[in-house]
Ligand code: NG1
Ligand code: ZN
């Protein structure tokens, strides 16, 4: 390590003294103007991680669904996964070290993790369309360079595209080519082959309106469009040409406000979807003939996908184990439908895709989605081989199913939840099954629900167990929630500290919207009283239709 050079360059990316940030569920996230030193230091850390794993490491500059003024950074581990937990701690230490302690922390990490400093390092970098992202990604590059790492700057990418690049590079090209054309080709080839098998499906099935949250998804979808044009026609809205990123649009807005985005005209029964700001989340929706808005969230996406996969497996005659992974935010109706009607085992993990991803890896086929639309399906290597063999050997009908499965495996991003890839899978399934958006929606009816946020002095006073469904501390809180829940039918509620914002999140569902709103409000008051609420006391939801959390 050239300590002199590190000190010199670090001074050019100096940390505002006293600023403390935490590597959360999605990396570091805050106002962009506070992040320059964090970017530089994550460049340094990525080099150490690359040397330790002898693999390419990714660094993504984005704040996803958060406001345009924010930014963030996260590291991507060798197989496209989120950073290992011990390294998340190192990231927090390094980001918070005052200038004069930075070198010592860097050396500590290298020693603790037995990093061979002579080893080569390679880092790939991507960024979203935020005005601050270009400069911040340059700071990452400064950090990489000063520690002697090699790098490739992909420039503008969706988050899942960067995960894809990392995965490709660390699997010797077997997964795909680590270029943007490689990504487009792999996905669109699988999509076109798959949809060729659809017997029905005229135009009405094949056109889709996409709200791109004024983000990177618009750019990438436009680039990709001509690769799959025979199979699907997409109409892009909120493409960044005028509106502000994530403002009154995008998957997070649509899901949390339970209403359509601005800037998109929706005719009745038209199929629409929204991406978030870095295109790793997707939700669908439509207006029915009476003008009512219907949201099709991650839970219903997981249901469509897992039921289709199960059907294909039955057709091929393979008894592979398939599991669905959700979080506590999954709508109770979805869990019930999956378990009782579809007879698919369902598992619940803590919030944050790394937990879901990890659990999904335990199955031959693991489908995981957060209710907010972040998810994918994972296929074990053994399954992939079995399916490839079946596609060669089986008789006609079975072979067709095996071929479809083969294409679906290629179409899913195995490295991360990916709005583009999920969209193509969903469109293919709808076409193959001849399903309209209403028929898909009718699989089950969501229980009315409400999410709220409560400000407390220190959200760490709340600790949880049972995949965040029960509060362990502060004392008395869970008992209070239990008593409130008893007052309503088909009800459920839980609270947890957010991993990305300084708030406690409250979730409630019940048999009517009114009950869900009441329950959520009452639980918020319990949190406010028992967990050290600050500021104004939580107010009841002012209307029945989608007051934000
Ligand atoms: P937190 O802030 O921990 O609730 C939010 C989302 C997660 C996940 C992360 C990362 C909800 C309730 N929570 O986490 O699902 O997407 O952001 O972006 O949607
Ligand atoms: Zn995102």
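Using N, Cα and C of the backbone, Cβ positions are placed for all residues, glycine too.
Going through 64, 86, 491 against TrEMBL, the one listed in the Mg(2+) site together with 276, 278, 280 turns out to be 64. Segment annotation: TrEMBL labels coiled coil over residues 387-414 (candidates 331-358, 359-386, 387-414, 415-442). The domain 'Alpha-D-phosphohexomutase alpha/beta/alpha' (51-97): residue composition by secondary structure is 15 helix, 14 strand, 18 coil, according to DSSP. Each residue contributes its Cα atom, and for residue 370 (substrate binding site) and residue 280 (Mg(2+) binding site) those atoms are 11 Å apart. For residue 499 (substrate binding site), the spatially nearest entry among the binding-site residues 64, 276, 278 is 64, judged by CA separation. Here the Cβ of residue 372 (substrate binding site) has 23 other Cβ atoms within 10 Å, regardless of which shown protein chain they belong to.
The recorded stretches the domain 'Phosphoacetylglucosamine mutase AMG1' (179-283) and the domain 'Alpha-D-phosphohexomutase alpha/beta/alpha' (51-97) share 3+ CB pairs below 8 A when only pairs 6 or more apart in sequence are counted, and are therefore in contact.
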